Amino acid sequence: MMLSEQAQKWFPTHVQVTVLQAKDLKPKGKSGTNDTYTIIQLGKEKYSTSVAEKTLEPVWKEEASFELPGLLIQGSPEKYILFLIVMHRSLVGLDKFLGQVAINLNDIFEDKQRRKTEWFRLESKQGKRIKNRGEIKVNIQFMRNNMTASMFDLSMKDKTRSPFAKLKDKMKGRKNDGTFSDTSSAIIPSTHMPDANSEFSSGEIQMKSKPKKPFLLGPQRLSSAHSMSDLSGSHMSSEKLKAGTIGQTHLLGHQLDSFGTVPESGSLKSPHRRTLSFDTSKMNQPDSIVDEGELCFGRQNDPFTNVTASLPQKFATLPRKKNPFEESSETWDSSMNLFSKPIEIRKENKREKREKVSLFERVTGKKDSRRSDKLNNGGSDSPCDLKSPNAFSENRQDYFDYESTNPFTAKFRASNIMPSSSFHMSPTSNEDLRKIPDSNPFDATAGYRSLTYEEVLQELVKHKELLRRKDTHIRELEDYIDNLLVRVMEETPSILRVPYEPSRKAGKFSNS
């Protein structure tokens, strides 16, 4: 037989036997009836149906599936005989024999019948007298399991291997393992070292690749796409990244280190810390540059030069870019009316003392360390310290200077102090401050509030494209299912029969 002709042949791998019913059985019971069951056997496998009690025409409709040990082809010398043995169950003693039938599966397959339902006559045992024992109705169907057919080919490939071939494979496997271990270090992410002229540390450069995260999304959501460098530098805050991108000096980076642990340690139970550090980072970028410029170029005439050194974090959001003397007359008068004459006298004295000490601070550099200490302890200071300063205490000296020289102090006291969860303070009316929505980290829209209009449009277009692709994929799956159902209906399986009666499985005998 040619290989092409053999490939076009259909060879079954399984046979499914369904015992439907029996009739005209010999009575063996006491009441003239039988408690009948049938044993189904092919080779060494045996199955048994349930017991149909007290009847001479039992109905079972139970099936059993057998795997053919070899290929069932035409002209095969190997014969496959299916045995059906009908028995009567006895409560006392051995079960009684009612009849048997032997079915040659080769003959059924050679007749090119994949399915056959037929009544078979029950016969006696060999050597016994032949008599009428009734009939049994059986359905025989040949099936092919592609998984079983492919397993034969795999087993044949494994048998052809010799011990020398296995030894050779082991040597190749060691060599492959060695090359894999040598190249496994390639998955470690590399970190680019900065140049000698660079003003930023390696930690800041690694943080540049970290994506922006909204400050209201919850505590530290790290995705699996982060590299090892991002995970190792996760303790660094976003304030240092923003300071590095603007181009500030090393001094500003050291000052902002005190705020680094605030957003990382913030949890859902205390969202105020996280919001505070985020807003102060947005504030400190332009203002710190102005303060450093004043220290370097020696602007002595401005009475508000050293105000930023004594500011706590809650007052740091006040605008200091504009000169307060250039404000409108109404705002200035309303703020100055709240100051008493002794305070004005002390303000002039402190201004003269500050001008005298400014040169000493520039030479010795003590102001820098003093400012860094204030920034480190600024988050824990409360606004109550500003309201009750002690003029005779050196630790409260800068606080008193700020209260006596800042014209916005009276205006800040007049307004309602907002909760620490929202520090976007600006010279606006109280109605605008009340309109600010409370930030809720559990809000689904909180992550989109920080996005611009263009970014929202990009997200919308991206989601529309994803929906379009999903609709196309769903349509393809529906077409595939329709075609598959048509092919199944053409085969007319038993599940599509009208009326459908689900078949029961016959019990299998144990080998013991």
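Don't overthink the numbers, they just go from 1 along the chain as shown.
Just so it is clear, glycine is given a Cβ too, placed from its N, Cα and C backbone atoms.
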Have a look at S277, S329, S429 and find the one that Swiss-Prot tags as phosphoserine.
S277
In Swiss-Prot, the phosphoserine annotation, restricted to S184, S227, S494, falls on S227
Give me the mean pLDDT over the domain 'FIP-RBD' (437-499), rounded to a whole number.
83
Please list the DSSP helix, strand and coil residue counts for the domain 'C2' (1-120).
12 helix, 59 strand, 49 coil
